[in-house]
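J.: Dumping the structure here so I can ask a few things about it.
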């Protein structure tokens, strides 16, 4: 049974919702799944004043525990076309794991969100993939076998690089059913691949 970590950062709850959908998909494929988040870097008073969702139930991850999993599925919103600094900061602390080769051969995957359809989702996912490759990890996305990412009948996130959601500039749009299905598919896809690699 593959051990999968869904590791996320979510300021307003959209990525948190996607993370649990990813976890559901991974569990459906037989994986042992853990959902954790990275630490918040914004001072608590500023976060509350900015209406961040500060009451998230997932425990905080530690860098060293990354080595305990067969696959790590990372989720974070895009910030100006790249991954949120909270997630970047967490992975910037993995030098010891890199030096010891602790993540070599493990599977990595990414999902994200943005306020607009062209708000940097693909650049965020593609920009994170080198982190996995430097660690010696194998990368998986969201294959076109998930047909939900096809078509133009509605506004929706998702690409072959990974699941995603569009939130609107005011954060009022929650992940749609098709976006959550994409997240579940990605979780299941990664879990199946991780079981083969483990």
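Glycine is no exception: its Cβ is also placed from the backbone N, Cα and C atoms.
Quick paste of what Swiss-Prot says about this protein:
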BINDING   10-15, 78-80, 113-119, 134  FMN binding site
BINDING   12  NAD(+) binding site
BINDING   98  substrate binding site
DOMAIN    4-190  domain 'Flavodoxin-like'
J.: Which three-state DSSP class does residue 13 (FMN binding site) fall into?
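T.: DSSP call for residue 13 (FMN binding site): coil, neither helix nor strand.
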J.: With Cβ-Cβ distance below 8 Å and at least 6 positions apart along the chain, what are the contacts of residue 113 (FMN binding site)? List them in sequence order.
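T.: Sequence-distant Cβ neighbours: 14, 15, 18, 77, 78, 121, 157, 164, 165, 166, 167, 175.
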J.: Look up residue 119 (FMN binding site) in the DSSP assignment and report helix, strand or coil.
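T.: Once the DSSP labels are grouped into three classes, residue 119 (FMN binding site) ends up as coil.
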J.: Would you report the average pLDDT that the model assigns to the domain 'Flavodoxin-like' (4-190)?
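T.: Averaging the confidence scores along the domain 'Flavodoxin-like' (4-190) gives 97.
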J.: Radius 10 Å, atoms counted are CB only; among the binding-site residues 13, 119, which position scores highest?
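T.: Top count of Cβ atoms within 10 Å goes to 119.
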J.: Run through the Cβ atoms and count how many others sit within 10 Å of the one on residue 98 (substrate binding site).
T.: 15
